[in-house]
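A.B. asks: Before I ask anything, let me first share the structure, which is written out below as structure tokens.
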Amino acid sequence: MIRWLTLSSRHRAAARRGWLSAHKWWLLRRCCQIAALAAFMSGPLAGYWIMRGNFASSEMLGVLGLSDPYILLQSAFAGWPVAAPALVGALLIGLFYLLVGGRVYCSFVCPVNIVTDTAHWLREKTGLTRDRKLDRRTRLWLLLGTLLAAALTGTIAWEYVNPVSMMQRGLIFGAGLGWSIVLLVFLLDLFVSRRAWCSHLCPVGAFYGLVGRFSLVRVSARNRDACDNCGACFSTCPEPHVIVPALKGEGSPLILSGDCINCGGCIDSCPNRVFAMASRLRP
């Protein structure tokens with residue numbers, strides 16, 4: 001049973017290795033997510049602009065322009081001219097995620113992940129069992145749909161409903177439609193389907209999952225002979241299907257699926273230290 005603050009699937013790991021060792025990746029993710037939000041909110045709330053803009057397009061310290069490659073792709077489909085600074089910013093972000101793993105955005109940056117993790121914690125804590133099965137390929141169809149919507153409307157239509165943008169605006173400007181969309185995602189994950197948004201529906205995750213297929217940094221089950229089938233890694237992982245080939249297969253111990261979010265949950269929760277961060281060069 002997964003817990004958001006203290007994870008019961010990690011109790012054995014914590015008992016054997018200590019609490020901090022069994023939660024270090026979880027703590028690092030939360031620190032990164034909060035720091036990312038704080039960097040964007042420092043300007044509107046404190047008058048000191050660390051990041052100006054939003055998660056789609058921003059400027060760091062007034063010098064470095066950064067752009068979400070997914071947003072830039074939509075703008076191209078919408079027929080907008082692509083400015084050189086935006087292209088450079090998108091290339092920088094794209095290369096970064098190509099190195100560390102596309103869906104690291106989902107686990108270490110995206111603030112909506114905090115919302116969906118909280119919903120998942122409440123599901124387990126309250127014993128909610130309803131889990132409508134959703135096809136993981138739905139997010140790929142939604143990704144295609146956002147590109148078609150951009151082409152048909154001449155706008156980045158996705159930004160009108162993007163929960164990440166809505167959450168950021170809600171934190172800065174207060175109550176509004178944005179919070180309604182974030183609440184809808186929360187209720188969907190809580191009452192309808194386990195990890196419905198992040199694992200099945202989010203087109204942003206689908207895009208970065210495609211990038212993640214080629215990333216250098218991977219989780220490795222390099223000590224898989226020590227696995228005692230306790231299941232802690234599967235109960236912690238938001239994409240448990242990615243673990244089986246690496247843990248139980250005969251080939252590479254690397255988790256190679258683009259669906260892996262490189263969150264380190266399996267590393268934290270395993271009492272036998274089966275998993276570790278690695279790379280394609282050194283499995």
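Here the Cβ of each residue, glycine as well, is placed from N, Cα and C on the backbone.
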A.B. asks: Same [4Fe-4S] cluster 1 site as CYS227, CYS230, CYS233 according to Swiss-Prot: which of CYS106, CYS110, CYS270?
C.D. replies: CYS270
A.B. asks: May I ask you to find which of CYS202, CYS237 Swiss-Prot records for the [4Fe-4S] cluster 2 site already listed with CYS260, CYS263, CYS266?
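C.D. replies: Among the candidates, Swiss-Prot records only CYS237 at this [4Fe-4S] cluster 2 site.
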A.B. asks: Using DSSP, break the domain '4Fe-4S ferredoxin-type 1' (217-248) down into helix, strand and coil residues and give each count.
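C.D. replies: Residue counts for the domain '4Fe-4S ferredoxin-type 1' (217-248) by secondary structure: 16 helix, 4 strand, 12 coil.
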A.B. asks: Just to verify a number: CA distance, CYS266 ([4Fe-4S] cluster 2 binding site) to CYS230 ([4Fe-4S] cluster 1 binding site), in angstrom, no decimals.
C.D. replies: 12
A.B. asks: Where's the emptiest Cβ shell within 10 Å among the binding-site residues CYS230, CYS237, CYS266?
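C.D. replies: Minimum Cβ neighbour count within 10 Å, taken over the binding-site residues CYS230, CYS237, CYS266, occurs at CYS230.
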